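Just below is one structure, and these are the notes that go with it.
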Amino acid sequence: MAVIKTDPRKEGKYSFDEAITLTGFGAFNICLFFIIGGFLMCVIIETMSMMFIVPAAKCDLQLTLSQQGLLSSISFFGVVTSSHAWGFLADTRGRRNVLICSLISSFIASICCSFVQTSWLFILLRYINGGCIGGASSIVYAYIGEFHNDKIRPKIVSGVATFVAFGNMYLPGLAWLILPQQWTVDIDFMNLEFKPWRLLIIIYAMPSFIFAILLCFLPESPKFLLTQGKYEETLEILKTMFKVNRGLSKEDYVVSEIFWDDLGMSKSKSFLKTLWKQTVPLLRHPLLSKTLGVSLLQFGIFASTSGMIMWYPTILNTMSRFVDERPDDQLTLCKSIYWEETNTTASTQTVQGCNDEVKTKVFMISLVIGMVYACMYIFIGLLINVIGKKNLLCLFIVVGTTAGMISQYIEGYQMIQIMMGIFVIGGVEVGIVNAIVVDLFPTQIRAMALAMSLMFGRFGAMVGTNLVGPLIYNWCNYLFYVFTANHLVLMGIIFLLPSPRPLKQIMNDDA
C-alpha cells in the first residue's frame, strides 16, 4: 500500500486530504454516491412534480391559469428563500442531520398536499415543500464532496449530477403508471374524493422518506467534524471508511492524528462572517462582471428551459386531444392552443366542462426526454474540453433556439414534439455554465459563486414558469420570439465573459 510522504517528524500525523486519500475508494464511497444521488433525485422530483400533477388536478382544485403557473413554480421559490437558512443549519448542526430533516419534512409536506381540497392551501403547502427540499438542494454537494480528496472530488460531484436525469425519468414513468387509472376512493370523514393524482403525490414523496432513512446509516461529514474540533470522531469515521473500502482492520490504518490544514473556515468564525467574507469579493472588481454574467446566464437558461418544461406536458396533452378530436385537421402548436381556448376558458376553469384527462402519449414523450437528458450529460462530459465550454454552450443555445422557432410554425404532432423536445433539453446548458463558473472563480469563493448563480437560475425558473402560461394562451405566436430575444442576450453575455483558463493553470491556482 502506497503511503503519502509527509513530514517525517510527524509520524502518524497527516493532513485531512492525505488522511481521506489513505482510506481508499471502494464500497463505502459507492454506497455514499448512490444515496446522495438519490437525494438529488428527490430534489428534482419534488420541484418538478407539478408538471404532471397540475394537468390532472386542475379540475378538482378549480385552478385558474395563473394558479397553474404559480403552482408549477412555487417550489422553486421555496428552494430559493430557504437555501441560506439551511446552509446556516448545516454549518452549525451538521450536514447529515440537516439533510435527513430536509427530506423528512419534505415528505410530510407532500403527504399533507395529497389530502388538500383548496387551491390556496395546496399552493402554500407546495411552497413549504420547496422550502423543505431546499435543504437537500443546497447541501448534497458539500456533504459528498467532504468524503473525498481534492483529486476525486470534482468527478464525484459531477457524477452525482447525473441523477438529475434519473429524476426526469422517474417523474413521467410513475405518472404513466398511475394517472391513466380511473378510480375514486371516497373518504367520508374528510369529504374527499381520493383520485390517482393524489396517490401520485404520495408516491413521488416516498423516495424522500426512503433515502432519508438510508442516510441514517451513514456518518456525519468527517471534514465538518474536523472544523468543529472533533478530532477523535473524525478519525473514527476515517477508520470505518478504511475498513469498508480496503477490507482491512481499523488498526491497519496508519493515521493516528490529523493536523489542521486549510479547511476553508475556522470553528470560531460565525456563519454570517463566513458568508460575508465569501460573498463580498463576488460583488467587487474584478469579479463583479463575472458574477453578473454567470448569474444572468443561469437566470435566462432556467427561465426558458424550466419555464417551458413545466408547461410541456400540458402543451403535449392539448395537442394530443386536438389530434384525437380533429384527425383531418393539420396541427400547429398555436392552432391547438386556440382550439382548446374555444372549448374551455383557461382562466376561468370550473369542474363543469373541465377536462383533466392526461393522454398516455405525454408520459411516453416525457420519459424519452428524460433519457435524452442522461445521454446529453454523457455527451457534454466527453466533448466539453474538446469543443470548449463557451463554444459548446453557444452550440446548444443556437440549436435550441432554432428548434423552438421551427416548432411554432411546423405542422404535424410528431415534428412539433421533437422540435419542442430539443428546446427543453437545453436545460443541460446549466451544467456547462457551472463548469464555466469553476473556471472563472478562485477556489476559496467558487462554491459561493455557484450558489449565487444557481439562486438566480431558480428565480429565472419561477419567472419563466409564470410567463409561459399567459404567453402561450394569450400571445402564442410570439412565444418563441420572446425566447429568441432572451437567447440573443445570453449569446452576448457568453461572448463578453473571459475565456476559461487552461486546465493546467486552474490546477496550479488551486494548489
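Cβ coordinates are placed from backbone N, Cα and C, and glycine is handled just like the others.
Under the heading domain 'Major facilitator superfamily (MFS) profile', TrEMBL lists 30-502. The transmembrane segment annotation in TrEMBL covers 20-53, 65-86, 98-117, 123-144, 156-179, 199-218, 292-312, 362-384, 391-410, 416-437, 449-472, 478-497.
Looking just at the domain 'Major facilitator superfamily (MFS) profile' (30-502), the mean pLDDT is 86. Here the transmembrane segment (156-179) does not touch the transmembrane segment (478-497). Their Cβ atoms form fewer than 3 pairs under 8 Å, with each pair 6 or more residues apart. A contact between the transmembrane segment (20-53) and the transmembrane segment (292-312) is present, since 3 or more of their C-beta pairs, 6 or more residues apart, lie under 8 Å. Contact counts against the transmembrane segment (362-384), taken as Cβ pairs under 8 Å, peak for 391-410 among the stretches 65-86, 123-144, 199-218, 391-410. Two recorded stretches are said to be in contact when at least 3 C-beta pairs lie under 8 angstroms, sequence spacing 6 or more; the transmembrane segment (98-117) and the transmembrane segment (391-410) fall short of this definition. For the transmembrane segment (449-472), the neighbouring stretch richest in Cβ pairs under 8 Å, chosen from 65-86, 123-144, 292-312, 391-410, 478-497, is 292-312. Sequence-distant contacts of the transmembrane segment (123-144) (same chain, six or more residues past either end, CB-CB distance under 8 Å): 32-33, 36, 39-40, 42-43, 46-47, 50, 67, 70-71, 74-83, 86-87, 89-90, 95-96, 98-99, 101-103, 105-106, 109-110, 112-113, 116, 156-157, 160, 208, 221, 447, 451.
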